[in-house]
Amino acid sequence: MTTGTARGPSGRASLLGTGAIALWAVLAVLTAQVTALPPFQITAITFGIGGVLLALANVVRGEGLALYLQPAPVWLLGLGGLFGYHALYFLALTSAPPAEASLVCYLWPLLIVLGSALLPGERLRPNHVLGALLGLGGVAFLLGPKAQFSLDAMAGYLAALAAAVTWAVYSLASRRFAGVPSGIVAGYSIGTAILATVCHLAFETWVPPGGTLGWAALAGLGLGPVGAAFLLWDIGMKRGDPRLLGALAYGAPLLSTVILVLVGKAEPTLGLGVACLAITGGAILASRRG
């Protein structure tokens, strides 16, 4: 009975964590509507929207300002994870070919699966590793069938690797602060928006979002992939199964590509089918108990 009770809350938290993965799947199709905007401008606006909405949700739940009075390590982890990851990812995309940079960046789910073995009370099983490797293989087939890594873009690859490590460390270290309510993500998001605004003013020029469609896309990003998704991920990583969530995270680029195909932004290919089989098989393998 004790085991079943323990698995119940963990299972629900993991399910909420998969909600974040589903929301990240619509990131590409929404971002496609605002590609003319500088990256830090997008980050500032979307995290600002997401942070304010999450803060309002905290108020509705009766959370006071005491929620945000957390020790410095909590804030360093949150801001380092959210802002640090996005800053490094944008640096990678501007310093290396996007497909190759994205592929390197998508090492983070595998790093989460492997790093979970270091967490108290967690044990890494072969099916978790094999499932994550299958997922990575599927993403490689999806993003980089014609990838040609060049030494000239090494700085970009290193930035992508640093982004992957940053997100994996943030995700796993969140478990250390499991007692901190997940509503703190509102503060992380607002802080990230402020830092992104500073970077935008320093390195970019404001570009109008492009009418109703552009603002609607930014609002959608702030509401879902850059808002609720990070709250759900925090819940999943703090109280769910990080090994399972790490392996399932490889489904995000696959679902994203499928959505792009459905809306006519991408073409269906054999590679997509192979990636689908690999990622789905990896997720099933990783989710098996025993």
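Each Cβ is built from the backbone N, Cα and C atoms, and glycine gets one as well.
Residues 42, 209-210, 213-214, 216-218, 220-221, 224-226, 228-230, 232-233, 235-241, 244-245, 248-249, 251-252, 255-257, 259-260, 263, 265 of the same chain, all 6+ positions outside the transmembrane segment (12-34), place their C-beta atoms under 8 angstroms from a C-beta of that stretch. Annotation comment: TrEMBL describes 12-34 (among others) as transmembrane segment.
What TrEMBL records for 14-143 (among others) is domain 'EamA'.
Marked as transmembrane segment by TrEMBL: 40-60 (among others).
Taken from TrEMBL, the feature transmembrane segment applies to 72-93 (among others).
For the transmembrane segment (99-119), same-chain residues at least 6 beyond its ends with a Cβ under 8 Å from one of its own Cβ atoms are 89, 92-93, 128-129, 131-133, 135-136, 139-140, 143-144, 146-149, 153, 156-157, 159-161, 163-165, 167-169, 171-172, 175, 242-243, 245-247, 249-250, 253, 286. Feature annotation from TrEMBL assigns transmembrane segment to 99-119 (among others).
Taken from TrEMBL, the feature transmembrane segment applies to 126-143 (among others).
Among the features that TrEMBL reports, transmembrane segment is placed at 155-173 (among others).
Here TrEMBL flags 155-287 (among others) as domain 'EamA'.
Panel annotation: around the transmembrane segment (185-203), residues 38, 40-41, 43-45, 47-48, 50-52, 54-55, 57-58, 67-68, 70, 75, 78-79, 81-83, 86-87, 226-227, 230-231, 234 of the same chain, lying at least six beyond its termini, place a Cβ under 8 Å from a Cβ of the stretch. Annotation source TrEMBL lists transmembrane segment at 185-203 (among others).
If you look up TrEMBL, you'll see 215-233 (among others) marked as transmembrane segment.
The annotation transmembrane segment is assigned in TrEMBL to 245-263 (among others).
What TrEMBL records for 269-287 (among others) is transmembrane segment.
Looking at which of 40-60, 126-143, 155-173, 245-263, 269-287 has the most CB pairs under 8 Å to the transmembrane segment (72-93), the answer is the stretch 155-173. Across the range of the domain 'EamA' (14-143), the DSSP-based residue counts are 106 helix, 0 strand, 24 coil.
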